[in-house]
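Peer 1: Pulled these from Swiss-Prot:
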- Asn11, Thr12, His13, Gly14, Ser15, Thr63, Lys64, Ser65, Asp66: GTP binding site (BINDING)
- Cys145: S-geranylgeranyl cysteine (LIPID)
Amino acid sequence: MDNNNNKKLFNTHGSAFDDSKIYFRDVDCGVLCFNIHNEQSFNNLNHWMSLFNENVPFVLIGTKSDIERTEKSISKERIEQWCKQIEDQGIVKEKIHYFETSAKLSTNIIEAYETIVKIALNQYKNKQKNSINISIEPEKPKGICWW
């Protein structure tokens, strides 16, 4: 296996890549983020999930955990129900990892990133195991004199 593989993170901001499945083709880990205080942000998760190929492992990140939850915030129970529903429907091949993060307080940022990298590397290794490497070496000329 090539030890020098590249991992790329795309931050779509919900716009430039919208409905462009080409950017999500052959990904090793999907990362979906939403604001835990914004209903529309949470509701958009289904749309973003639909852009990925089936059986892509996912990490779900709820942002702005430094802000106190209100009655309008998305409850942890509701988030867990959403994850379970996606898992039960077979849309993902393994359990969705969920982190509540705060960029302001640096809460769970490193833990989430390490999980994303671990999942992506495992997925990459599995793809390498299941692939066939075909290489054809060019034939050397025979019986030709070069002056």
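Just so it is clear, glycine is given a Cβ too, placed from its N, Cα and C backbone atoms.
Remember, it's a predicted structure, so these values are computed and weren't measured experimentally.
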Peer 1: Measure the Cβ-based neighbour count of Lys64 (GTP binding site), defined as the other Cβ atoms within 10 Å of its Cβ.
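Peer 2: Counting Cβ neighbours of Lys64 (GTP binding site) within 10 Å gives 18.
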Peer 1: Would you count the other CB atoms within 10 A of the CB of Asp66 (GTP binding site), including those on all shown protein chains?
Peer 2: 13
